[in-house]
Every structure is written in structure tokens, then in C-alpha cells.
Amino acid sequence: MTAFSEILQRRDWENPQSVNIHCLKAHSPLASFRDMAHARDGIHAQRQSLNGQWKFKLFDAPEQVDGQFTQADFNDAEWDEIPVPSNWQLHGYDKPIYANIKYPFDVNPPFVPRENPTGCYRTRVSLSPEDLLNTQRIIFDGVNSAFHLWCNGTWVGYSQDSRLPAEFDLTSHLVAGENTLAVMVMRWCDGSYLEDQDMWWLSGIFRDVTLLSKPQHCIEDVFITPDLDACYRDGSLSIVTTIAAPETYQVQVQLFEGTQAVTEPNIDRPHNRRIDERGTWNDVVFQTLHLREPKKWTAETPNLYRLVVSLLDENGTHLESEAYPVGFRKVEISEGQLKLNGKPLLIRGVNRHEHHPELGHVMTEEDMIRDICLMKQYNFNAVRTAHYPNHPRWYELCDQYGLYVCDEANIETHGMQPMSRLSSDPQWAHAYMSRYTQMVLRDKNHPSIIIWSLGNESGHGSNHNAMYAWSKNFDPSRPVQYEGGGSNTTATDIIAPMYARVNTLIADEAVPKWPIKKWISLPNETRPLILCEYAHAMGNSLGSFDEYWAAFREFPRLQGGFIWDWVDQGLSQWDENGQHFWAYGGDFGDEINDRQFCINGLIFPDRTVHPTLQEAKYCQRMITVSLQEQTQKACTLLVTNENLFRATDNEQLNWSLLENGQVIQTGSLALSVEADSQTRLEIALNFTPKAQAQYHLNTDICLIEATSWAPAGHVVATEQMALRNHAGLAIPTLRTQPAPKLTQDGHAIVVSSLDEKHQWRWDSQSGLLMEWNVDGKAQMLAAPQDNFFRAPLDNDIGISEVDNVDPNAWVCRWEMAGIGQWERHCVHCDSETLAHTVVVTTTFAYHFGGDVQAITQWTHTLSNDGEMLLDVDVTLADTLPPMPRIGLELQLPLYQADTPITWQGLGPFENYPDRLAAARFGLHTQTLAQMHTPYIFPTDSGLRCGTQWLQVNELAISGDFQFSVSQYAQQQLAEAKHTHDLLAQERIYLRLDHQHMGVGGDDSWSPSVHKEFQLTEKHYRYQLRFKPASR
């Protein structure tokens, strides 16, 4: 018996050689069905969940734990209770820590802080005498970071690697009746140096705990390898079964589709294959099944069979069965491309952390299904388990629903210097190998897994080479990818860079990131390129995403990538007023933190979607539509089906014809396009074109019937095509109305319509339009003013670490130029009456640091009918950096909380100049609240581009502009750190932009806005026409 004091003295949690003690060898998940039919149907598994309320107490360090807590008779009545699974930091113990790169403790591997929060758990399990006739194994699917286990006061063993199962044989420790389990979990261990992923540091038993009952003679492991013949028609299944039984026992394998057997039973014994010059295995059975023309598994067609593996004694009596879903598919790299079933894949992927806003790292099945359905609804076909093996159920669901998986080992040493320090250290080789091999051994039977990953951001060293070599020997059916060390080392079958650009080199003397187009053309480089991370979706981001997809579709060896990342890692918190907000790094008093750098998702923590997800859905669409030919009476469309393995047998094309953004004709067409092919469709048009009207054809590809992941009617792909107007031009009408009345009263310039219905008043000293009344009702609450500032986006701030601010970041450059702090002076303000209008001209100079930074001239042309034509001329100093925006801001009255905003332009969702591929021109209406995107870290949001007409309240504006509306002042948005810091104002801020800089998004730590979306010109001119909406 190992004494508690000996365990404390031994300090397994600071020894990289002590990865696990007394753990059973890793294997595919086991269920121990006692009947073949039960195995086939997946019912009555011999697994007992130990999830529930456990006794719990947190200590400051292992040395402070009372070793008597391991004993069955220990009095835990005063202890708290905590749910298992859970993270203890989310139940009032200790605090969450978020860091991207930095370790939250002093770096001195393998040692960890002496102040090492230690959670002690206790629970009781009752077993009958009949239960003890079988072996009893306990399985911890995930414990962070390391733990010791006792049963009835006896030490059982130790394990670390928080993302893989730890399984112990409890049989010899159990008694009939009540049994006591005690677990001591350390927050930090030497393994923490290998788990420096960009996520929350949370602790505890956070995945399921299960008791597995198996007979004395049983199946220990099953390794299934599907294959297809050279024509990808017929299938074979290699089955390698490891047993704990006499050599005379037999293994039977049989394949089912539903309840129907599709192969005959195949029965064999150990010693049936010679391995080397010393002979055969005495506990391994090799078998092969063949199936003619099986239904193939792909993400598009996730056809599954079920393999039942049974152990029979020498008399043929059934003892136990295990069963696994089987997907017939073949993964290979040939001709420089990653292929599935002979077809080159295009990876529409995303990196996904296991994150829940209330449960932390605990994921329920419902959460997993919701993520998968959202991914498929938004045209993702692949997921990278960033950066660790996921919950076992995740892979079963990916098999079932259809997602390609890049399964990643729980290894990241991002905070080491150099990053490869541990990766090149032989003392850590065992820890590396254990993490990788146990992942592969657990997950090897899942058809959804098409790529193994050696880990993330750990440099490149001999330990990676060892993992790669083992993988290629153990499972040659799957490629291996790894980004570290430059993305193209000998330890990867796929060039797998992070954040490489399409056309721009990111220079680094150690690990240069070539433009992806160039990378595949480097000398002697024949591998496919799949970005393991790209398009950093932090806040208001994903600019120029369409540029990647144009490259992916143009160059066959550019095979897509995995967006970073899926979900904002915000944790639910409430302020002192009971207002909810999403917390990020530093919000829990965690002094080492990287603030909001964990808020990188395409969706919010509660799974509502960001506008960026619309852009991803559009660019990744599986079915594209393009206009091939147009006459006055018809349009010919080319429909391309990028699905590689299924025809459009459950889709229809709904179309609508728009005139000036309004629908005037609709229709539907049956859609029948074979996989990976094209067809032409003709749409008959029945309308008379109007002079100078704009016409667009919208197409929506919709599901006819519901699928497992989306309801009937779900739109899988959209398109909008501009049509030519076959009508002639309209003759313009000339104004014949008299000019309005101009008067001056001291410093006031007053312009009124002859019927006194419309009135404008300027202050000639400030040059500002102070009042605009219609029928005595104020149209504005504050004067329109030049607007050059935007509340900085995460990409503008450009940091990945709190103490690593880049002076070249946009926000730093803007602050240096004083943008948002300029002092305005009116140079002059003039007015004159013309034949039909009154013109008021004001000139402003903007000063900062003793210099004039900008000069603007506003020319207001006022008509008797209440119309105001505003012409703005902007000149900027040559010394200024690219500007955030060129435009103006007004403040309007707020009459109702759900004020409708109607516009003719791109929408309906938020779009920016470099993120508008998915937006469509039309006449849109949304409420004021819908026009604001509540980014967790408040920033500029809600822009709509390509606008020609806008109505807010009783004011209509026309021109060619971009706009946003909000109840928050820009300074509020710039200063707020969370949404609960924002107090909605009793007014509407209307921002009208002539030009607005792009949002960027190739990454979030460098100025990533592409040149064509930067405002580098020094002269701008624009016009806006204002009029009462009632006209």
C-alpha cells in the first residue's frame, strides 16, 4: 500500500516521466454488450455513469490536504457538494485565468508553484456481489490537470493529460455494498507546460466518470480500418481485435446496416497472422470483411454501418460484444492533393474550443449537436479539435452528422522560449508520445477523422519526429499535419500554416510565411496546403475573407483551411446591478491575462451568430450560381454543384426579381445537378423595365425536406446578380420653385421655406447647423459634424498580449495623429440666395499639435420644398496615416425604442467595405436595436454599405454612402470594456460615411486591412441629399 505521505514526497505532478501510473492501456471506447443484438442496436451497455453531486473541498496545495480524506470512514459531512462534471472555478472556488501565450506561473519545467490549488472529491458507489463477478473499470474522460485516485482507502493510481481518458481496474479494490472513491486533483502539474493553449485555465473533473463492467475474459481493443479498391467502388474492412482470453477463444465479426446483416459472420482465433521471424500474437486476431459497393461515408453523405465484434469461448458460446460505427472511405494524398474517395477535398473548416459560457469546459451532448448543426447550416464541412482531443461523444456525432475532423493532440508549449525547447528535449519524449499515441488509440475507428495533428504551436523537435514516425507506422491510412517549425517540416504531410496571406510574404528569418499561392510552387514542394488557422475572427473582423476563397477555388493544391475560431470564449457574469455580460481575461482578478484575446469567435458564447458568419457561409457555399446570359425576357444561369459526392436531390432554386430593391416577380425551379458538375437553367422574366431603374436577380438554394442538421426551407446558398436595364434614360426635371427666404439675425443665419414649414438655422461663428425644424418639430438634437473617428476594433488595437502593444497598430497611429481629438475652428460661414435655392457655405479647419490636420468645406443648397443638398469637400494633411472613416455624424430624436430603420442598399446584416460579399442590395428594414452588433468588447459596429437611400424617423437621405445608427456615442464605445459598460442614450447617433476603412482580419495583431480598403487619399468629396420623408 502506498501511503499518502509517500505520494506527496514523490510529487508525480512534477515528473514528466510519470504520465500515468497503473492506468490501463489506451484503446477504442468499450461498452461490453452481453448480447450481439444489443451490440448491433447500441443498447444495454454495461456502463454506469458516476456523474452527479460529489463531496468537494479545495485546498491551497497538496501538502495541505488531510490524507485521511481517502479513507472510507472519513467524515465529509462538512464538505461542500459540487457537480461532476464541472470546473471548480465556475462554482465559487479559485478563479479562472485566461492567457494566450504566457504561462500563469513561473516557467521552470517540470516544476509548478507550491501554491497549487488542489481539489479533493469523494463519492460512494454501491455494488452487488454479482457485479464483482466481473471486472470493474473506472474511466475519467477528462480531469484537469492531474489526479491521484483512491478506492476504499487504497491508492489506485495517478494520471495526467487533461483531455484523454484515464482508466483504472478497480476490481481488486472493491467490496460488495458501498465503496468510497476519493480523488485529489492538482490545478498545476508538469503536464501544464504542454497545455498552454489559447483558452481559459480551468480545473477539476470536467468530463464524464463511468464505471465499466466487463467479464473476466473480454475484448480489450478493436482497430478498424476501412478501405476502397482502386475504383473506389468495393470496400474492405480490416479488423484487429485484442483480447484478454485463452488462445482457444474465438472472435466473430459481422457488419450490419441497421438491423440487416450485410456480411456473413467471420470467426477466427489468435495466432492467425505471422508478424515476424518469431511468429504470431497470442492475444490478437486479424480479420477482413469485404462488401460489394457499400454506401460511402463522406461529410456530405455520412453513411454508416455497424460492426459487431464478439468474443466466443472454445465452444462458440457468446461472452461479450463490442460495436462501432463504420464508414467506408479512403483518405489519401496523391497528385499534391488531399483526397477522399478519389476526390480532392476543399476544407471548409473551423477551429473549435470546447467552451460553454456557464459550464466552462463541460460540453453536453445537446451543446455538441447545436454546434454541429450550426456548422453545417453555415456551410462548414470540417472541424479542427483545437487544440486537444475532444469529448468522445463529439467524434460519434461528427461520424453521424457528417463533418471531417482534424484530431489534435493535447500539446502546446507556446509560452516556452524557444517554443521548441521541450519538443527537442528527450526527457519529455515520453510525455509527448503518450499524449499523441493515446489520442490515436482512443479515436482510431472514427471515419470522420481524416487527419491526425501532432499538436499546436510547440516549435519542431525530435519529439515531433518520433510521433510522426509512430503514426505513419501504426495508421498509414491517415495523413498527419503539424504547423510548428515553419509549417512544412518533415513531420507533416500537409503544409499547414497559420495566418499566411494570399499574396503577401510575412517575413521571419526562422519561419517565413510565404504567400499561399507561392508556397505551393516552391521548388520540390509537392504537398497540399491547408491553413490550420486563418481569418482571425476577433470581434468585427473577417475582412477580405473572400480573397482566400477565390484562391482556393483557383489553385487545386490550395485546399482550404480552418477559421480561427468557432465561439467567443466569454464566461457569463453579472454586475452589481444584475446586468449580464461576458467576462474575459482579467475580469476575475487574474493578474496574468490576455484580456479579450479569447473573444475570437464566429458566434457568441450563447451560440447566437456574428455577422461574420454570414460572410463565411456565403464564401464557403457548396452551390454557386452565376449569370451567363440575359435578354429582356429571360436569364440563363449556370449552377455549379461543388458537393463532390451528392447530387442536388433535396434542393430547389427560389428566385426573385428586384426593381430598385423591391421584389416584383418570384419563382421556383427544380434543381437537379449531379455531384461535382454544372447545369444551365433559364428563368423567364415578365416585366417592363423602367427608365433608370436598377434590377437584380436573387437566388436562394433551399432544402426541400428537413435534414438531421437543418429544417425544411433552410437556405444553403444565396446569390445576387445585377441585370442590365433595357429601357432608355429618363429626362431630368428642372426646378422652377422660388428660392426659400434667407435672413440673418446677429450670428444666426436662418433659411425658411416660403410657407414657414421648413426652417434651418446656422451659427455663423461655429459654422454649424444648429436647428432644422419641419412644422416646428426638431429633426436633429445636435449639429451635423465631420466624423473621422471610429471606436477601435480589436483589429485596430492589434494586440495578442496585454504588454505587447504594436506602435504600428492602427489605433496607435491614429492616437499619434490625434484623430478623434482634433479642435475644430470655423474659418468662414457665408450665405447667398440664388434663383431657386439658398446656399450656405462653411469652411472648417481641424487643428492638432499646432498643425492643421484637415480642412473641410460644407456647401448646403436649400430648396423651398425642404430639401437640402450637402456637398462636403475634405482635404487632409499629407502626414496623416490612413483614416478610419470620412463622413459625418448627426444626432436625431429617439421617439421609440424599436425605431424602424429603412434603407436601400446592402444588407440586411452588418457589412463593411472588405466584408460584403454575402450582403445583398435591396430595400431593408430593421429596428434600431437590430442595427447594433453587441460585440463582447465594444467597438464600431453596424455599418451598411452601398446605400442609396435611408429613412430614419421623418428624415430621408439619398446619395452613395455607408451608414450606421446607434444609441451609443462613439466615445462610449471607445471607452467601454464590456457591453454592460454601455448606457443607451435617449437619442439616435446617425453616422453617414463617404468612405470607411475595412475591418481586416487576416490576423488581429498586425495592421491587416488590405491596401485597397485603406483610406490613403488626401482629398475626398461627397454629396448627400436630405429631405423630409413625407415628401
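For all residues, glycine too, the Cβ spot is worked out from N, Cα and C.
When the candidates Glu366, Glu457 are compared with the Mg(2+) 1 site entry in Swiss-Prot, which names Glu412, His414, the shared residue is Glu457.
Na(+) is bound by Phe597, Asn600 in Swiss-Prot, and the record lists one more residue there from Asp196, Asp198, Asp1002, which is Asp198.
In sequence order, Asn100 are the recorded positions from Asn100, His353, His387, Glu412, Glu533, Tyr534 with a C-alpha within 10 Å of the C-alpha of Phe597 (Na(+) binding site). Using Glu412 (Mg(2+) 1 binding site) as the reference Cα, a 10 A cut-off selects Glu457 from the recorded positions Asn100, Glu457, Trp1005. Cα proximity to His536 (substrate binding site) (within 10 Å) is found for the following recorded positions from Asp198, His353, His387, Asn593, Asn600: Asn600. Here the candidates are the recorded positions Asn100, Asp198, His353, His414, Tyr534, and by Cα distance the one nearest Asn593 (Mg(2+) 2 binding site) turns out to be Asn100. Note: Tyr534 (substrate binding site) has non-local neighbours Met498, Tyr499, Ala500, Tyr548, Gly561, Phe562, Ile563, Trp564, Asp1002, i.e. same-chain residues 6+ apart with C-beta under 8 A of its own C-beta. Listed in sequence order, the binding-site residues near His387 (site 'Transition state stabilizer') (C-alpha within 10 Å of its C-alpha) are Asp198, out of Asp198, Asn600, Trp1005. Fewest other C-beta atoms within 10 angstroms, among the binding-site residues Phe597, Trp1005, are seen around Trp1005.
According to DSSP, Phe597 (Na(+) binding site) sits within a helical segment. Neighbour counts of Cβ atoms within 10 Å were taken for the recorded positions His387, His414; the minimum is at His414. Around the Cβ of Asn600 (Na(+) binding site), 24 further Cβ atoms fall within 10 Å across all displayed protein chains.
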